[in-house]
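Participant: Annotation comment: Swiss-Prot describes R23, E80, K120, K454 as (6S)-5-formyl-5,6,7,8-tetrahydrofolate binding site. According to Swiss-Prot, the GTP binding site annotation covers 226-231, 245-251, 270-273, 335-338, 358-360. Under the heading K(+) binding site, Swiss-Prot lists N226, T245, I247, T250, citing sequence analysis as support. Look at Swiss-Prot and you will find S230, T251 tagged as Mg(2+) binding site, backed by sequence analysis. Among the features that Swiss-Prot reports, domain 'TrmE-type G' is placed at 216-377.
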Amino acid sequence: MSHNDTIVAQATPPGRGGVGILRISGLKARDVAQAVLGKLPKPRYADYLPFNDVDGTPLDQGIALWFPGPNSFTGEDVLELQGHGGPVILDLLLKRILTLPGVRIARPGEFSERAFLNDKLDLAQAEAIADLIDASSEQAARSALNSLQGAFSARVNHLVEALTHLRIYVEAAIDFPDEEIDFLSDGKIEAQLNGVMADLDAVRAEARQGSLLREGMKVVIAGRPNAGKSSLLNALAGREAAIVTDIAGTTRDVLREHIHIDGMPLHIIDTAGLRDASDEVERIGIERAWQEIEQADRVLFMVDGTTTSAVDPAEIWPDFIERLPAKLPITVVRNKADVTGEALGLSEVNGHSLIRLSARTGEGVEVLRNHLKQSMGFDTSMEGGFLARRRHLQALEEAANHLQQGKAQLLGAWAGELLAEELRLAQQALSEITGEFTSDDLLGRIFSSFCIGK
């Protein structure tokens with residue numbers, strides 16, 4: 001599809017509503033205004049007009065807004081028609097507009113894509129539009145808005161600019177080797193490089209916070225039947241999300257709850273009790289439990305404190321520990337402290353965190369909440385942050401690795417050419433975040449996840 005086409009889409013959610021908005025962008029937007037409204041509205045002024053069919057009879061009436069390019073969201077001529085939000089009315093108006101030559105339905109995210117291609121937004125800002133719409137908490141929404149307003153892009157652009165200056169300095173040292181001053185060994189380049197690396201580390205720390213805000217943490221509650229897994233899910237969720245009985249094997253499928261701990265999204269997953277099951281339904285539930293465990297960020301290993309005094313997970317259930325993916329963090333949760341009389345709280349045992357609590361009474365659950373937040377490095381005190389995606393983290397990590405390699409070349413062999421190449425690669429990795437160096441395939445994947453009218 002051509003970017004020269006004029007596109008139209010509904011900008012409001014599908015279904016009935018008080019207001020429904022159609023957005024038109026492109027060279028033919030002016031023709032749409034003349035055909036549907038009978039005139040071109042005054043730029044950036046609300047005009048109350050009938051929306052006319054092909055034969056001139058009104059289909060609806062409402063507000064028309066005209067934004068001539070380049071002073072519009074997409075950078076093109078944009079017309080917005082704000083009418084009544086009935087699906088039939090909007091469908092009739094959409095069909096009327098599509099009768100005009102050169103106008104087609106927009107692809108998902110095509111309005112934002114055009115804004116990016118016309119330099120109205122960089123790629124990180126365009127992604128922030130979708131993140132703002134999908135925000136699941138107030139803190140995530142504020143951070144997404146910061147990204148949309150350019151906070152993340154400004155940090156990245158500052159790093160790119162610093163790398164540009166450093167590359168100029170390094171390449172000057174390479175091009176003028178006969179100068180009396182040895183630029184590579186006089187310490188100035190190393191000092192500048194260390195400064196850029198420190199700034200990059202700070203951005204990476206904020207980006208990790210932003211990624212947590214956007215994607216959350218996946219925590220799976222696992223253990224033997226009747227250990228109190230469903231009771232813990234209910235305690236963390238603050239509601240009766242799971243059925244709790246004294247019958248072993250009550251939970252036979254995966255249960256999911258989405259909560260927030262001081263703004264950090266948490267995906268809690270309750271699983272079927274793990275055992276050798278003869279029942280086919282329970283067996284399938286146990287297999288699903290293992291699938292969830294393998295994809296978790298952390299596992300809460302639930303232990304019935306009345307059945308064992310052991311605290312080392314390898315001693316409590318060695319077969320379970322052996323099957324866990326390598327490097328998957330585990331928190332041992334000894335439940336039923338209200339019955340055993342154990343002291344509530346958090347401790348460390350053989351490299352694993354151990355929490356004693358009572359899921360039934362809720363005692364010690366707040367300790368677990370704080371532990372989950374701290375284990376992911378989530379900092380609630382960070383203000384003015386931004387959201388980040390996995391591709392952003394990967395790009396920042398790649399840039400950091402190139403700078404480390406460059407520093408090794410500088411200090412190990414004074415290899416200016418190799419240092420310059422590592423700086424170039426780091427700069428390229430950072431530029432992928434804002435879209436300065438990004439493949440068309442990646443752009444297609446990013447914008448295809450947007451709403452149709454965005």
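Sequential numbering from 1, following the chain as shown.
Cβ atoms here come from the backbone N, Cα and C positions, even for glycine.
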Participant: 10 Å Cβ neighbour count around K229 (GTP binding site)?
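Facilitator: Taking all protein chains shown, K229 (GTP binding site) has 31 Cβ neighbours within 10 Å.
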Participant: Could you pull the average pLDDT for the domain 'TrmE-type G' (216-377)?
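Facilitator: Averaged over the domain 'TrmE-type G' (216-377), the predicted model reaches a pLDDT of 82.
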Participant: I need the CA-to-CA distance for S230 (Mg(2+) binding site) versus S358 (GTP binding site), whole Å please.
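Facilitator: The Cα atom of S230 (Mg(2+) binding site) is 12 Å away from the Cα atom of S358 (GTP binding site).
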Participant: If you count Cβ atoms within 10 Å of the Cβ of E80 ((6S)-5-formyl-5,6,7,8-tetrahydrofolate binding site), leaving out that atom itself, what do you get?
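Facilitator: There are 21 such Cβ atoms around E80 ((6S)-5-formyl-5,6,7,8-tetrahydrofolate binding site).
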Participant: Within 10 Å of the Cβ of S230 (Mg(2+) binding site), how many other Cβ atoms can you find? Include all protein chains, please.
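Facilitator: Its Cβ shell of radius 10 Å holds 24 other Cβ atoms.
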Participant: Within 10 Å of each Cβ, count the other Cβ atoms and name the one among the binding-site residues K120, K336 with the highest count.
Facilitator: K336
Participant: Using C-alpha positions only, work out which of the binding-site residues N226, K229, K336, S358 is nearest to E80 ((6S)-5-formyl-5,6,7,8-tetrahydrofolate binding site).
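Facilitator: For E80 ((6S)-5-formyl-5,6,7,8-tetrahydrofolate binding site), the closest Cα among N226, K229, K336, S358 is found at K229.
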Participant: Return one of helix, strand or coil for K229 (GTP binding site), based on DSSP.
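Facilitator: Note: K229 (GTP binding site) is helical by DSSP.
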